[in-house]
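*Asks:* Take this structure first; my questions come after.
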Amino acid sequence: MSDAVTEVVETVARAAPEVRGGLSGRRRKTDAENASGETQLAADVWADELLAERLTAIDGVSQFASEEREDVLECGESGGYAVTVDPLDGSSNLKSNNSMGTVLGVYDAELPAKGSHLVAAAYVLYGPITTMVVARDGEVTEYVVEETDEGTAERRAVREDVTLPDDPTVYGFGGRVPDWTDRFADYARDVEDELKLRYGGAMIGDVNQVLTYGGVFAYPELESRPEGKLRLQFEGNPIAYVVESAGGASSNGEESLLDAEADEVHQRTPVYVGNEELIERLESRF
Ligand code: FDP
Ligand code: ZN
């Protein structure tokens, strides 16, 4: 892994205790909307600004894009890495004090880029403790991130070579059930027979359950929104990269998310990730 990629991952790890520490006073809504038309919370805007400032300063990063800002920032000589962040995934959970995350993608191509251009992806999970899962070079590692006495952050590997358990046990599906398409509802009925529901409403928290226990997470195509809710560059691709690096599979309903064409920076996509057999079964019905 090149130095710039290491620096990007470390920068997000170092920022994690700070992001977490700044949440409590930033639960209010702002008057602003993000590029996807969602009302931003003070915490969304703040985490975005903090990460933008630090990540754009890294040598070798030439583009920075965030789910919380419309335009891609050009921040260095062209030909470097393009970094994407979802600064606070699941931030609507802030009101009810439930889990949230930060999602990172590092692409070796200009945005919008296909997931096959990812060279690393990671996420921070602000749960009862702060953990970070990093995928690179086909390997996935889970860290605990803690603040040191000096006020900096330290990450300690707690699980190396993370792979999805062979015997899956959990599922979590987003969207309102009456809004599911018939083919997804059929699939869901099948899965409900076999696995138990674990759904928290923040993609990162729900994906981390699948990474821990095995199973399937989906934010599916909807009748009202065939393109689903999640964004390919900021959420779908990085999560697919993590899950596939851990021996699982990803899909947009037709093909691996990592093979899907990227046309726009904020484009949405249905997201299905989990154990290979469960994703194959979904694709065979679609
Ligand atoms: P949120 O809007 O709270 O940021 O990123 C989008 C996301 O959360 C995901 O984390 C989550 O999986 C999904 O939206 C939940 O959407 P619903 O509110 O439709 O359940
Ligand atoms: Zn998100």
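Don't overthink the numbers, they just go from 1 along the chain as shown.
Each residue, glycine too, has its Cβ placed from N, Cα and C.
Just so it is clear, the model here is predicted, and its values are computed rather than measured.
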*Asks:* May I ask you to find which of Glu223, Glu227, Glu235 TrEMBL records for the Mg(2+) 2 site already listed with Asp86, Asp89?
*Replies:* Glu235
*Asks:* Report the candidate from Glu67, Glu68, Glu70 that shares the Mg(2+) 1 site with Asp86, Leu88, as recorded in TrEMBL.
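*Replies:* Looking at Glu67, Glu68, Glu70, the one TrEMBL places in the Mg(2+) 1 site next to Asp86, Leu88 is Glu67.
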*Asks:* Does anything in the same chain, at least 6 positions from Ser92 (substrate binding site), have a Cβ under 8 Å from its Cβ, and if so what?
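*Replies:* Expected: Gly201.
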*Asks:* Quick one: which of the binding-site residues (Glu67, Leu88, Tyr199) have their CB closer than 6 Å to ligand 1?
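*Replies:* Those binding-site residues that pass the cut-off are none, since no Cβ is under 6 Å from ligand 1.
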*Asks:* Just jot down the residues in the same chain as Gly90 (substrate binding site), at least 6 apart in sequence, with C-beta under 8 A of its C-beta; none if empty.
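*Replies:* In sequence order, Asn98, Ser99, Met100, Gly101, Gly200, Gly201, Ala202, Met203, Ile204, Gly205 meet the Cβ cut-off.
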*Asks:* Using CB under 6 Å from any atom of ligand 2, narrow the binding-site residues Asp86, Asp89, Ser92, Tyr199, Glu235 to the ones that qualify.
*Replies:* Asp86, Asp89, Glu235
*Asks:* If one measures from the C-alpha of Asp86 (Mg(2+) 1 binding site) to the C-alpha of Lys229 (substrate binding site), what distance in angstrom results, rounded to a whole number?
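*Replies:* Their Cα atoms are separated by 14 Å.
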